[in-house]
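The structure appears right after this line, and notes come after that.
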Amino acid sequence: MNGSSHANDQLIVSDDPQHPANHICTLCRNFYNLGWVTGTGGGTSIRKGPHIFIAPSGVQKELMQPENIFVLDYATRSYLRKPPVLKPSACTPLFMAAFDRGAGCCIHTHSQWAVLVTLLVERDAAQNGEKLGDKCFEIEMIEQIKGIPQGRGKQGMLGYFDKLRVPIIENTAHEEDLTSSLEVAMDRYPDTYAVLVRRHGVYVWGDDVQKAKTQAER
Ligand SMILES: CSCCC(=O)C(=O)COP(=O)(O)O
Ligand SMILES: [Zn+2]
C-alpha cells in the first residue's frame, strides 16, 4: 500500500521498530501469519501518551505501511493525521473503550480458535437448555492461564487452579455496533482483559503492547 506525504507525517515516521506506526504493521503481519487477521478482518490500536494509533479499515492488514496509520488525539477524539482515501478501522470505538479503561494496546482478531470457543459455548448452552445471555468461556487447570493478570489494579497473575472467565457478547451486523455490549461486558467483568464476540472473534487488551500481545497469544 502506497501512501502520499501530508500533514503531521512526523507522527508516524520513525526508525524505531517499537514506534506504534511501525509496531502496528509488524504485529498485523505476524497476526496474519497466525491466521488471526485474514481477509481484511481484525486490527490493532496502540496508545502512546496523548496519541492513539489506528489501522485503516477494509485493507489487508498484513500489507499496511506506517503511512497508512491514523493518529487520533485521545483527549479531544479528533484526528491529527488522516491518510487520504482510507477510513479508520470500524473497530475504533471498541479500541477506545479499552483505552478508556486504562489499556495501552487493543488487539482484535478473527482467530478461528476464538470463533470455535464461542460456538462450543453456544452448543453447550443449547444442550443444557440454558440461555446464552450472560455466558462466559470458562477455563481452569491449563498452564497458559498463568500468563493472564489477576485483573486491573490487582497484583500478580492467575494461578493454574484459578478460573479464567472471558465474557462473550453477541455479534452485530456492523463492527461499531458492538461497542455498547463490549462496554457492558468490560464493566461487568472488570478483571477481564478479553471479550469474545460470538461467531466473529475476540478483543484482547493490555496495559501495554507487550502485555496485549502475549495475552492474545495465550
Ligand atoms: C470482513 S471484516 C468485517 C469487519 C471486521 O470484522 C473487522 O474486524 C475489520 O474491521 P476494519 O474496519 O478494521 O477493517
Ligand atoms: Zn472483526
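Yeah, the Cβs are placed from backbone N, Cα and C, and that goes for glycine too.
What TrEMBL records for this protein:
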type	residues	note
DOMAIN	22-216	domain 'Class II aldolase/adducin N-terminal'
BINDING	C91	substrate binding site
BINDING	H108, H110, H200	Zn(2+) binding site
ACT_SITE	E143	active site, proton donor/acceptor
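Ranking the recorded positions H108, H110, E143, H200 by Cα distance from C91 (substrate binding site) puts H108 first. Of all the Cβ atoms in the protein chains shown, 20 others lie within 10 Å of the Cβ of H200 (Zn(2+) binding site).
Cα separation, H108 (Zn(2+) binding site) to the residue listed as 'active site, proton donor/acceptor', rounded: 23 Å. A helical conformation is recorded for the residue listed as 'active site, proton donor/acceptor' in the three-state DSSP classification. Ranked by Cβ neighbours within 10 A across all protein chains shown, the binding-site residues H108, H110 are led by H108.
Apart from the site residues H108, H110, H200, the chain places the Cβ of G41, G42, T109, S111, A114, V115, V197, G201, V202, Y203 no farther than 8 Å from the centroid of the site's Cβ atoms, the recorded Zn(2+) location. Taking each Cβ in turn and tallying the other Cβ atoms within 10 Å, the top scorer among the recorded positions C91, E143 is C91.
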